[in-house]
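Chemist: Got a structure for you, questions after.
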Amino acid sequence: MESNHQQTQAAADWLQSVRWNSAENRLDLLDQRRLPDEIVYLELTTSEQVWDAIKQLAVRGAPAIGIAAAFGVYLGVHGASGSREQLLDAAIKQCDYLATSRPTAVNLFWALDRMKQRAEALASAGGEPEAMKRALLDEAKLIQSEDEATCRLIGEHALALFEDGMGVLTHCNAGGLATARYGTALAPMYLAQERGIHLKVYADETRPVLQGARLTAFELQQAGVDVTLICDNMAGAVMQKGWVQAVIVGTDRVAANGDVANKIGTYSVAVLAKAHGIPFYVACPMSTIDLNTPTGADIPIEERHEDEITQGFGKRTAPQGIKVYNPAFDVTPNEYVTAVITEKGVIRAPYGEQLKKLFEQG
Ligand code: MRU
């Protein structure tokens, strides 16, 4: 894709998934496909490279792809010459282009809309093209820094629902790697760690791309959090043994009625949690809530290449020519969701009403 640089594990105290490199005017993205074996940053200088990194899951997780795309808009216009109107037109085109990289996580569209609005406001204020470019870069940086603060707040609210000694199960990766820092579902685990509260985390490995095994287990282990990796099909067994007192997951989009899209397999975990009387929490920034999508049935669900299932990580594990269905996400109906935790606090059913109220609060 481009030249890469490696850093040693020892130097990777805190692995930032998205890094703006001011000296080089470049976006450095931690290549999450290569974790946990290798810590490699991709060095991106064009919006096409950013599009590709999102599509290929080099950067993934709803907030992180929004942040990367925002920087992608800047990379797409920074070399452009021409008038203010031409720059605005180029910025809008870049936003539309980057929005085609993945369909489910609404944070991508949220971040790109924000970049578009910023460009429009700058142009209508009579901004000069070079100043507009700098302001677009600042906006991308702001989206990133706000996400870090947001995740920390989500962690505070979520941690209030947990008690010392609890077993907590999570699915996929909604951690620091999926956000600017801390994560959404993993934020309470980091805060608990800081405060000497012991949580015993169970990480589903998360077939087929193994975000749980490769990313959640990796980042929690690095931070010294007590984490145990299980296969997806073991979640019921650990609940039955009484080892899990709460489930917490992230999400790619919350519909207006509280239905929640998240990594494939989340719905099964929610059903299992309900069967065992275990609370099922969903943690996300406000930017993941999409009041324009009425229900889960209206959320576009990405389908990915069959190779992820038939020959994931290079080893063929299914017969040639087999039919494959590979949706990347599923929808958990709102009746399985005990609470939605955002930076503004914790809300419970009826979600239609409560989600609307959250936005009205301003
Ligand atoms: O396909 P991915 O790895 O981008 O899917 C990620 C998830 O499903 C996460 O749980 C979700 O984006 C929330 S990240 C805070």
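Keep in mind that glycine also has a Cβ here, set from the backbone N, Cα and C atoms.
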Chemist: Check TrEMBL for me: it has R60, G61, A62, Q211, N262, K263 binding substrate, so pick out which one of R19, R102, R114 it puts in that same site.
Modeler: R102
Chemist: Could you check which of the recorded positions R60, R102, C172, N262 have their CB within less than 6 A of ligand 1?
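Modeler: Among the recorded positions listed, those whose Cβ sits under 6 Å from ligand 1 are R60, C172, N262.
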Chemist: I'd like to confirm something. Which of the recorded positions, R60, G61, A62, C172, Q211, has a Cα closest to the Cα of D252 (active site, proton donor)?
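Modeler: Given the candidates R60, G61, A62, C172, Q211, the nearest one is A62.
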Chemist: Can you count the other CB atoms that lie within 10 A of the CB of Q211 (substrate binding site)?
Modeler: 28
Chemist: Specify all same-chain residues, apart from the site residues R60, G61, A62, R102, Q211, N262, K263, whose Cβ lies within 8 angstroms of the center of the Cβ atoms of the substrate site, ordered by sequence.
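Modeler: The surrounding set, listed in chain order, is I65, T104, A105, C172, N173, A174, A178, G250, D252, A328, F329.
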Chemist: Could you tell me the C-alpha distance between N262 (substrate binding site) and C172 (site 'Transition state stabilizer') in angstrom, no decimals?
Modeler: 9
